[in-house]
Amino acid sequence: MSSKILLTNLRTSASFCKTLKFPQRPRTPFIASQQSCAIHVDNPPSIPTLTTSYVHGLSSHPLQSSTVDQCLQATVERYPDREAMVFVQDGIRKTFAEFYQDVEKAAAGLLAAGLKRGDRLGMWGPNIYEWVLMQFATAKAGIILVAVNPAYQLQEVEFALRKVQCNAVVCPTKFKSQHYCDMLKQLCPEMETASPGGIKSSRLPDLHTVIVTDSQQPGSFLLKDLMQAGSSQHYQQLQDLQKKLVCDDPINIQFTSGTTGKPKGATLSHHNIVNNAYFTGMRIGYNWRKNVRICLPVPLYHCFGSVGGGVIMALYGTTVIFPSTGYDGRANLRAIEKEKCTFVYGTPTMYIDMLGQPDLAKFDLSSVRGGIAAGSPCPPEVMRKILNVMGIKEMVIGYGTTENSPVTFCGFPVDSAERKIVTVGCISPHTEAKVVDPTTGEIVPLGAQGELMIRGYCVMLEYWQDEEKTRECITKDRWYKTGDIASLDQFAYCKIEGRIKDLIIRGGENIYPAEIEQFLHTHPKILEAQVVGVKDERMGEEVCACIRLKEGQECTVEEIKAYCKGKIAHYKVPRYILFVQDYPLTITGKIQKHKLRERTEKQLGL
């Protein structure tokens, strides 16, 4: 390529990025005291290095500047005949070569439908092949994929699509009780008379294209037809586009899980997610392991699934096994056994469900070497059972947030059981973390508790077109406020103590629910425990434990209180104990504590 053409391409890319008004990745200022707390994390740190609650993870491996499509293309060239993914329930198997052919057809089809670089396409549905297909087709076409929660109802999906000005939506006709096309027709009755790609909606003025994966609907494209619509002109357009796409382009809008308030659109770039997948995969050892087959039950709509599954697949050539379209604990175990999975992903709740299967011992899990538990705090007792009952010895905890692409701390497979049980792992490469006093903002002494803050390549570009919310969580010098109470040790391992907003203040005493939850998990009859603060006229708040018992077990309030007495401080002993069958969850498996609190107070008549 001539220098003149290269300069023209760079100017075009720079001009495009400027129109989006995204903050640039900042240069980290040199701070002498912080430089002394840098630590190499390509391997588990063996020398106690940190002297304060600040750490900068160093690596001999540089940050990657590739786009998602460049990563996938390189892997396709290396392993064309290797299985890329298996959708067990739907009977779909694709090699990398077959998958990439579909990606190119779908990307050209999107251009044929009138979509262009920088447009937003909402993917609304469960874990189906078309979700992964759209993830990579949009990346190749320079279109921003919007991950829409498959459980959203009418008002929620309208809010999401309007928030990010979606130009297109891809969805199945329905899934279980979710009638996606019917809801879209309620929002856009104009679909009934519109031509495909020509929707003009009063409620969703930016939406002009609906693509249905499995049936022909009025005003919509059928995906398989769209994949044949690309002409030689569109393929040439696609080829020319590859010269203009850069790693700083936004690629993905992930809505925060909405455990409180309205969801916000965390906007991530190629640079964010490629590097997060690259260094997370390296931490687990995907760069040297052979024949890695990952059981992936977590939803694709969440970063854990799309980055930890899809982008890692594109980088390392791993095979991803999707056990079922919707979450099913037994389907996970069947898929592990049938497909000889070597790694398994899941939220703590998913592992609890698998551990709770009465015939768990009948499943052959001998192929599994390791896995990741992430998405919400993993109680120590649950981790012990994963290690000892399921026998997953190379299990690690991953910690992060959607806004951080998502992983910022992750364990090493060779870590001791104690580290796996007590911490969320070690700082990720090229990432800074500090623990500060939430009131003063000053870094706390090593080992002390405070709010965890993160800075580095992983921090999102912004909440989509929401400067106010972005400023609330990202400081002027690009530190992201996690809202988590944490502490660091000398080796750069992190312990999460709880959420600031979940803190219970009982008569002036600060109580972290996670501490009580971890203790309750040691009771032999308890499957899962969640603790919330409920209002109390005298104390301000009181502690309430909502407990799920193991199958076939019976227990009383008095038995639980007697178990607590003398083992935890008297003010931490729950005043109220409720035995429940389930908890309000987000689609990603996170407990919605605010809804649990509301439900509990109503049940108690408070």
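Heads up, the Cβ atoms here are built off N, Cα and C, so glycines get one too.
In Swiss-Prot this protein carries:
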- THR256, SER257, GLY258, THR259, THR260, GLY261, LYS262, PRO263, LYS264, ASP484, ARG499, LYS590: ATP binding site (BINDING)
- 1-13: transit peptide (TRANSIT)
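Feature annotations (Swiss-Prot) mapped to structure.
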| residue | record | contacts (Cβ under 8 Å, 6+ apart) |
| --- | --- | --- |
| THR256 | ATP binding site | PRO263, LYS264, ALA266, THR402, GLU403 |
| LYS262 | ATP binding site | PHE159 |
| ARG499 | ATP binding site | GLY483, ASP484, ILE485, LYS593 |
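DSSP classifies ARG499 (ATP binding site) as strand under the three-state reduction. Other Cβ atoms within 10 Å of the Cβ of LYS264 (ATP binding site), summed over all protein chains shown, number 23.
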